[in-house]
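> Below are the structure tokens for one structure; questions will follow.
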Amino acid sequence: YGDQNCGANNCNSILESGSYDKTVNFITVKMHSTYIQMMLDKQKLADKNRHLYERRVRKSIKQRFKDCLRAMLAFFFTQVGVCGLVVAYTIAGAFLFMEIEAPSEFLFRNNLKSLRDEVISSLWNITYNYNTLHYEQWKDGVDTKVKWYQDQIVSHVKSGYGLDNEKVWSFAAALMYCLTIYTTIGYGNVTPRTAWGKGATIMYALFGIPLMLLYMSNLGDILGKTFKYIYARLCRIRTKRERMIQRDKRAGVPTINDKASSETETQGKIKSSLRKNDVPAQGEDVPEILLVTTVIVPMSACITVMISYVIGGGILFAEWEKWDYIDGSYFCFTSLVTIGFGDFVPGEALGDFDVEGSTVKMIMCYIYILVGMALIAMCFNLMQEEVMHNIRNIAGRLKLLRRATRRIRNFIK
């Protein structure tokens, strides 16, 4: 009640002194100024939003184009995007070279038929003109014409055309030609003959080779992580099995020597697969995140994968192309390491890329080479990783040996 009386007395004193109106006016002005400030801030915010909206609307087409372009580039640099881009680039190149080289091939076939007809007609005229058939004169005339015909045939064969009805620039042949460009294999069985085709080959290689390197890097990284994960899981299963064997031995109270030898063997196998600094304790499980980041795949596993892939492809192509198994494996190896001598080329046993079923086989060959090159790159990267890991271990041991030698010298002094 004392506080209430004090408040009442203060109010009475304010009313009696006549300062009540002043106080009310001050509060009213303060509230009014605050309200005005709030309205001004609200108006500024609305103006700012309207300005941003107008700016966004004014540049909507340009901004949308930039956003779409940025999203497309981000997608193309992903693993799926790079693979799709390589396939699309190959198909587009196949149609491009078919469009450029097919008309020239058609003209050549017509010229070749006209050439044969001309030679036949000339030989008949030579024979018909000599009614009495003087052998020497007939021989000289025919010999001149046959030599001219031979020169024409040799010239056309050097240009890459045969005398049969084989169609060179089919879709399957153009697809393989594009593959041999950006993989730098270069079999040489199908080559461009026109100036436009040669220029298109140069431009196609300039853009295709960097794209192929990007493809091998991305897909090789995926295959490497997958292979390391599978290998780490196998090592983990093997380690768990050895631990179960150790528990059984411990339950049977084995000797001290058996325990020591078993522990040493298990630790040695684990350390051969995981980095030395990241090896978990013997009773612990390897974390999932360490299966890919810490495992070291041995060189023998990589070599086994490469040999298996080459032998499997050799058997497949030997059945398709009627080759020996050695020749099929030889073709797969020279293709995957981009040597490409050209002595063995897919499609030769069929005699024509347009034969029914050959297109599917050529596409399978295309997929085999693309995946195989990424697999070979993966194996080389994993082997390089193991070599670098061994070099670091040797360097660390040499450093420890140097420190131990220095301590011994200091102790002797």
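Every residue gets a Cβ built from N, Cα and C, even glycine.
Checked TrEMBL, it gives:
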DOMAIN    166-223  domain 'Potassium channel'
DOMAIN    305-387  domain 'Potassium channel'
REGION    256-279  region 'Disordered'
TRANSMEM  68-98  transmembrane segment
TRANSMEM  168-187  transmembrane segment
TRANSMEM  199-217  transmembrane segment
TRANSMEM  289-318  transmembrane segment
TRANSMEM  330-347  transmembrane segment
TRANSMEM  359-383  transmembrane segment
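Could you place the listed features in the three-dimensional structure?
Broken down by DSSP into helix, strand and coil, the domain 'Potassium channel' (305-387) contains 59 helix, 0 strand, 24 coil.
Packing against the transmembrane segment (68-98) from elsewhere in the chain are residues 169-171, 174-175, 177-179, 181-182, 192, 197, 200-201, 204, 207-208, 211-212, 214-215, 218-219, 221-222, 366, 370: each is 6 or more residues past its ends and has a CB under 8 Å from a CB in it.
Here the transmembrane segment (168-187) has long-range neighbours at 89-91, 93-95, 97-98, 101-102, 105, 160-161, 201, 204-205, 208-209, 211-212, 335, 338-340, 342, 345-347, 353-354, 358-359, 362-363, 365-366, 369-370, 373, meaning same-chain residues at least 6 beyond its ends whose C-beta is under 8 angstroms from one of its own.
Beyond its flanks by at least six residues, the transmembrane segment (359-383) meets 86, 90, 170-173, 175-176, 179, 183, 185, 215-217, 219-220, 223-224, 227-228, 297, 299, 302-303, 305-306, 309, 313, 316-317, 320, 332, 335-338, 346-347, 350, 353 of its own chain at Cβ-Cβ distances under 8 Å.
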